[in-house]
Ligand code: GUN
Ligand code: ZN
């Protein structure tokens, strides 16, 4: 049992947790954003991150410091906390990313870990191999063997109180990601970054990103803090948290600002294209795009970076509040509607709803049915699984929204997308669902699938479904032995 990470709240695979960072003497609330500090640029000062944005943790590159004529000695003599004037937790990366970009680095695994220890890093990183998407399984597997060996070697480096990252690689192969994660979890290392996802995120390949994260999660225990390496765009925070990520690092706020790019939860805009700011952070509230464009480049870049950080922290707070209230899926459905690639990411997550169901809390606030996708949420799956185990009392059971039950031993309400609801459960979550009156077919079809589960579990009972204008596609899903009684005209399905 790991003692550094405590989970306080959960929704789907998303959670609010507390990460204890012993060497920093602090705890960090997760999900947390780690702004990337480039020691040579410091686009936004670490002290400002702390005072104006509430940053509890940041990340910087140990390898850049190791190679820096300007900062190496200062980092060694003063330590990172003083060099950066930051009192929170500081994570360092190892140069793996430089390795993947430039093909080589001039330091060994043990040397860079000891260097990170010596500059006072609170969470260090060994040199993993970030295998990109789309390579052969053979290459991904062989590079993963090297990464695993580096993690094993890191266990025997004397790092003192410094926590150590155990990066999980394996390209886009779920079997490799899962095996990488199981191996990492068996080491004594502490934090579990899912690596080499930057190309997926830059390419808006959110479904693959979700598949990679979910595969890694299968190999990790629930007490493993999971970092999504290089994930800094606020449009995907809700999705990544719902998939089970706890930490994010963002270079995007600074890199994008340099090119005049303006982050929003819906995507990326260019300052040149904006006539109005859709944001009321201090940067945007006091200026128009026009006035921001007219500023000298360096000033404009810093202000854009600050907006980018404001929108990122704001989204993270929005996500945390959703986890706390139990409406992360509702938030996710809203965010998914911002971009088709996000719809794919959300659907990839729903494909894993059997696994989500095992960790999703049994009771939350209201379930809002918002689209056909809602019918695939883990709560619906859980109800259907329960129907498959229920035995009903009577010989003749009416499943109905109507009230004529004289000919029947028992009446259960039909509640799309869940389907039949045992009377004793009708007032409990998630059956207190709110849904639109103009329900889509997917909702009725899921309800019919629920009827089928119940009928299969009770082959000796006669079921009658009494419905108000269900679409044919739902009626077709009812098992043959179920009687169907139409209670009213079909007024709700102009698309039938
Ligand atoms: N930063 C972004 N991706 C990665 C990765 O895969 N490994 C390391 N060490 N750093 C990263
Ligand atoms: Zn703003």
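Note that the numbers count up from 1, one per residue, in the order the chain is shown.
Backbone N, Cα and C atoms are what each Cβ position is placed from, and that goes for glycine too.
Record features, source TrEMBL:
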type: ACT_SITE; residues: 93; note: active site, nucleophile
type: BINDING; residues: 128, 196; note: substrate binding site
type: BINDING; residues: 279, 281, 284; note: Zn(2+) binding site
type: DOMAIN; residues: 13-340; note: domain 'tRNA-guanine(15) transglycosylase-like'
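Known features from TrEMBL, placed on the structure.
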residue	record	DSSP (3 states)
93	active site, nucleophile	strand
128	substrate binding site	coil
196	substrate binding site	coil
279	Zn(2+) binding site	coil
284	Zn(2+) binding site	helix
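Contacts of residue 284 (Zn(2+) binding site) defined by a Cβ separation under 8 A and a same-chain sequence distance of 6+ are given as 277, 307, in order along the sequence. For the pair formed by residue 93 (active site, nucleophile) and residue 128 (substrate binding site), distance between Cα atoms is given as 10 Å, rounded to the nearest Å. When the recorded positions 93, 196, 279, 281, 284 are checked against ligand 1, 93, 196 have a Cβ within less than 6 Å of one of its atoms. Across the fold, the C-alpha of residue 279 (Zn(2+) binding site) and the C-alpha of residue 128 (substrate binding site) stand 38 Å from each other.
In the shown protein chains, 27 other C-beta atoms lie within 10 A of the C-beta of residue 196 (substrate binding site). Checking the recorded positions 93, 128, 196, 279, 281, 284 for a CB within less than 6 Å of any atom of ligand 2 leaves 279, 281, 284, listed in sequence order.
The Cβ neighbour count for residue 279 (Zn(2+) binding site), using a 10 Å radius over every protein chain in view, is 17. Counting only same-chain residues six or more apart in sequence, the Cβ atoms lying under 8 angstroms from the Cβ of residue 128 (substrate binding site) belong to 94, 96, 147, 150, 151, 167, 169, 195. The Zn(2+) site is set by 279, 281, 284; from the centre of their CB atoms, other residues of the chain with a CB within 8 Å are 277, 278, 280, 282, 283, 285, 307, 310, 311. Around the Cβ of residue 93 (active site, nucleophile), the number of neighbouring Cβ atoms within 10 Å comes to 28. Note: the CA-CA distance between residue 281 (Zn(2+) binding site) and residue 196 (substrate binding site) rounds to 32 Å.
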